[in-house]
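Lifted from TrEMBL, the feature list:
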BINDING   Asn61, Asp95, Ser116, Lys117, Gly126, Gln127, Gln128, Gly129, Ile130, Gly131, Ile132, Ser133, Lys449  ATP binding site
DOMAIN    49-135  domain 'Histidine kinase/HSP90-like ATPase'
DOMAIN    326-488  domain 'DNA topoisomerase VI subunit B transducer'
Amino acid sequence: MTVLKKSKQLTENVSKITAHDLAKKQREISVSEFFTKNRHLLGFDNPRKALLTTIKEGIDNSLDACEEAKILPDIKVRINHVNDTEDRFRVTIEDNGPGILKSHIPKIFGKLLYGSKFHRLKMSRGQQGIGISAAGMYGQLTTGKPILITSKISPKKPAHHYSLVVDTQKNEPRILKDEIVHYDTKHGTKVAIELEAKYQKGRQSVDGYIEQTSIANPHTDITYINPEGKETRYPRASKELPIEPKEIKPHPYGMELGMLIKMLHDTKAKNLRSFLIKDFSRVSARVAKEICEKANLYEKARPSRIAVQEADALFKAIKLTKIMNPPADCISPIGEESIIQGLKKQINADFFTSNTRPPSVYRGNPFQIEVGLAYGGDLPEERLIRLLRFANRVPLLYQQSACVITESAINTSWRNYGLQQSTGALPAGPVILMVHLASVWVPFTSESKEAIAHYPEIEKEVKLALQECGRHLSTFIKRRKKTAEEIKKKTYIKKYIPHIGIALKEILNLNNKQELKIVNNLTNILERSRS
Ligand SMILES: Nc1ncnc2c1ncn2[C@@H]1O[C@H](COP(=O)(O)OP(=O)(O)O)[C@@H](O)[C@H]1O
Ligand SMILES: [Mg+2]
């Protein structure tokens, strides 16, 4: 009886929470608050990675800005210990880029999801508008210190200095300092962030990242000062800027329904026909007509009046219509020659080769794969090969096993090309392999941009490029083996030539001169012979 009564009471208590009570707790979550709690999604999951991500976001932005402004990048990166504390650093990244307009500085550095690259399809390192502001926010969170920015857009204009923090509740910048300063440069930007971090040397370190950046960007000059005060210079190996990639319109095959509905809503086109032709790449008048017919929609219909069901029909019709692949001139690969220049700059090896594949398409997005390979020399013989992954020229240091590039490298039969390989593993041997994916939109598996998603089209292209380089490698290894055998054979025979001379002298009763002649002749024949 009492038990029953109690449980009834309990139900009553529980049901007392009303929709009104819940409503009191319901409120908007700002994007900054979200990423403060989920900082691992942006690559700030531990102090070591936080240092790398901060530097990566700064360098990415500097390189993107310089290339867009057609300036050969000169970049300075410095990491300082703050007050000799073990885990607190100040990271400064300085470039000779175009600078940033004063009015835009606060939003760029003090607001997440603000940038110039998200709303376009153009090959660049950054894409989401979340990089540098997130690094600043992490610094602010761990040290309470603001992000410092100094920028100058021309020798005739003053330099502006800002000190600001992100107001995480509003996702808006809060300016602490805004002043004109002397900045001894023609144009450029300097960003300083203080953060809690850990400096470590090794493969997944800032040192490794900077070295790999210099390999994939031979047109860049980098000066790097580590926390110990050691300065390393990575001079440029080429004075040629990469060819500027072109911006393209989205390809209909890359559409998702939600995106299509948004585009229909936002378009300036007056009717469906011109919407399809003007807002997409590769849609001709004939293709537009075919799509509308298949969707059972009137070509003259106003895009904003298209209902969700009709948009769905349009979406399905697109998939059923044959549309040409997007143009490929929107991608700027590193190029076979520059890849070799970049590798030679940092690696002492006996053999270098590279392969740039023709452009291909995944989900309507053009992409291109390139592979570079260095073999022998100083590279260690017994270990697994070292795989360097790059996306739009940015080194990817974490989540190697989750990346389509690694999977393709594992699934390639390296034994055919003279390397040892166990099943399900990378091959072993004195090899550094670099694989670059260039695309207008890199399909990362997460916002922290560490691994590339498994699209079959991408996997296939990586494999084809690896196989091509593998064939070059195998020719080299075979030739080298043959030469080594030849030398061994010759050395062996050479050792016995004087003895043959002595023996012949005795058998044929020759004098010293005749003996010497035979020895010389045999030596000459051996030197000239090729097996
Ligand atoms: N060093 C810089 N020089 C010039 N412009 C910059 C620089 N750093 C950032 N920007 C501008 O700020 C924007 C936001 O940068 P960021 O938050 O890293 O996002 P994303 O790089 O993904 O666009 C960039 O799109 C660019 O327009
Ligand atoms: Mg960026």
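Placement of Cβ uses the backbone N, Cα and C atoms for every residue, glycine included.
Just so you know, TrEMBL annotations are computer predictions that nobody has curated.
Annotated features taken from TrEMBL, shown on the structure.
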{"residue": "Asn61", "record": "ATP binding site", "Cβ contacts under 8 Å, 6 or more apart": "Arg125, Gly126, Gly131, Ile132"}
{"residue": "Ser116", "record": "ATP binding site", "Cβ contacts under 8 Å, 6 or more apart": "Gly129"}
{"residue": "Gln128", "record": "ATP binding site", "Cβ contacts under 8 Å, 6 or more apart": "Leu113, Gly115, Lys117, Phe118, Glu447"}
{"residue": "Ile130", "record": "ATP binding site", "Cβ contacts under 8 Å, 6 or more apart": "Phe35, Leu42, Leu112, Leu113, Gly115, Glu447"}
{"residue": "Lys449", "record": "ATP binding site", "Cβ contacts under 8 Å, 6 or more apart": "Gly43, Ala391, Val394, Leu396, Val442"}
Secondary-structure category, per DSSP, in which Ile130 (ATP binding site) falls: coil
Densest Cβ neighbourhood among Gly126, Ile132 (binding-site residues), 10 Å radius: Ile132
Largest CA-to-CA spread of ATP binders Asn61, Asp95, Ser116, Lys117, Gly126, Gln127, Gln128, Gly129, Ile130, Gly131, Ile132, Ser133, Lys449, angstrom: 23
Of Asn61, Ile132, Lys449, binding-site residues neighbouring ligand 1, Cβ under 6 A: Asn61, Ile132
DSSP-derived structure type at Lys449 (ATP binding site), helix or strand or else coil: coil
Assigned conformation of Asn61 (ATP binding site) - DSSP reduced to three states: helix
Of Asn61, Ser116, Gly126, Gln128, Ile130, Lys449, binding-site residues neighbouring ligand 2, Cβ under 6 A: Asn61, Gly126
Helix-strand-coil residue split for the domain 'Histidine kinase/HSP90-like ATPase' (49-135), DSSP-based: 34 helix, 17 strand, 36 coil
